[in-house]
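The feature domain 'Obg' is assigned by Swiss-Prot to 1-177, with sequence analysis given as support. What Swiss-Prot records for 64-85 is region 'Disordered'. The domain 'OBG-type G' annotation in Swiss-Prot covers 178-348. The GTP binding site feature in Swiss-Prot is assigned to 184-191, 209-213, 231-234, 300-303, 329-331; the stated evidence is sequence analysis. Taken from Swiss-Prot, the feature Mg(2+) binding site covers SER191, THR211, and the record attributes it to sequence analysis.
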Amino acid sequence: MFTDYVRILAKAGKGGNGCISFCREAFRPHGGPDGGDGGKGGDVILEVNPQLSDLSHFLFSPHQFAEDGQPGKGQKRKGRDGKNLKLEVPPGVVVYQLDPNRIFHSSRDLLPIPKPGEPLKKIGELIEPGMRFILCKGGKGGRGNFQFRSPINQSPRYCEEGEEGQSGQFLLELKTIADVGFVGLPNSGKSTLLRQVTDAKPKTAPYPFTTLKPHVGIVNFDDGYRMSCADIPGLIEGAHQGKGLGFYFLRHIERSHLLVYVLDLADPFLDPVQVFYTLRNELEKYNKELLKKPFLIVGNKVDLVAADSLNHKSLDFNKRTGLSFLPISALKAQGIELFLNSCRKSFESTKKLIPSSPKVLSPLT
């Protein structure tokens, strides 16, 4: 099952306690303190693995605990540090923290998943392969009694306990990274278009809501240029209110630099102009920033439309919107070369460089 939204409870390891010990060797029956420090608790770390495509591996393991540090030992020996817990996530994950003022200790402390629209505290974002984010930092090890010796107290009989590791409950939200995002009504031919132009193989069928999860494919041009495209489940009017399936996946086109509106020209009951404005309206209700993205419009299924009808639809669309659509047939591969060249030209002229990010982000404070 495709999963792009999960809740986890993470807890870093506790630092090991310091040791109370005194040197007892031959010829030194009353040696001084030699208790070692405790080891540091393990961190909980998120790391991007480009081979992963969703977050389903967290569904049955929402509780993630790093190893505790070991206590110190005599002869000034430091306890072993706890092992870090590395959690792999796909590129494009956004990390939110729930109730940062609360300390979590067990699964009984789990909070309910917030409803869509509730404000969340964003603490990190993982985009590039290999990027790491310290979700919870392990506690420091306690000092052994050797650290407390002084001229006044040469035989301290006390030590420090290790610090508790950081803990928290987090939401991981996947936003697919794709250069181009396809938007359209159910059964408009988005999946067929994706199959035609990329290496992706989404399911296609002559009924609505065939696409139940986002699909990403790569367009390979003859000169070696590559461009990624994403197809999400179709939108319907009222999608911003939770109707249909598309609303839950609109996050997957937020990072796209170019949007492609796919219109079905073959359906006699659909007005292409009205469909276009419906799609724009749903994007605006979800996130106004999506309307600022550059876009192309394609009129699909022209193989099922008579030439005079296609010409009329094209002129009418231009007259009422001031815009034009590219006529294509995703099924018959008509107009695909022009479509891809237009996508590439628009993408190259409008894409923004993603700022470089450090490989390891700062831990929670």
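Backbone N, Cα and C atoms are what each Cβ position is placed from, and that goes for glycine too.
DSSP places the residues of the region 'Disordered' (64-85) in helix, strand and coil in these numbers: 0 helix, 5 strand, 17 coil.
The two recorded residues, SER191 (Mg(2+) binding site) and PRO233 (GTP binding site), have Cα atoms 9 Å apart.
Look at the Cβ of each of the binding-site residues ASN187, SER191, SER329 and count the other Cβ atoms within 10 Å; the largest number goes with SER191.
Shown in sequence order, GLY189, ASP264, LEU265, ALA266, SER329, ALA330, LEU331 are the residues of the chain, 6+ apart in sequence, with a C-beta less than 8 angstroms from the C-beta of LYS301 (GTP binding site). A helical conformation is recorded for LYS190 (GTP binding site) in the three-state DSSP classification. With a 10 A radius on its CB, LYS190 (GTP binding site) counts 32 other CB atoms from all the protein chains. Neighbour density for GLY184 (GTP binding site): within 10 A of its CB lie 26 other CB atoms from the protein chains shown. Secondary structure at PRO233 (GTP binding site), taken from DSSP and collapsed to helix, strand or coil, is coil.
There are 26 other CB atoms within 10 A of the CB of PRO233 (GTP binding site), with all protein chains counted.
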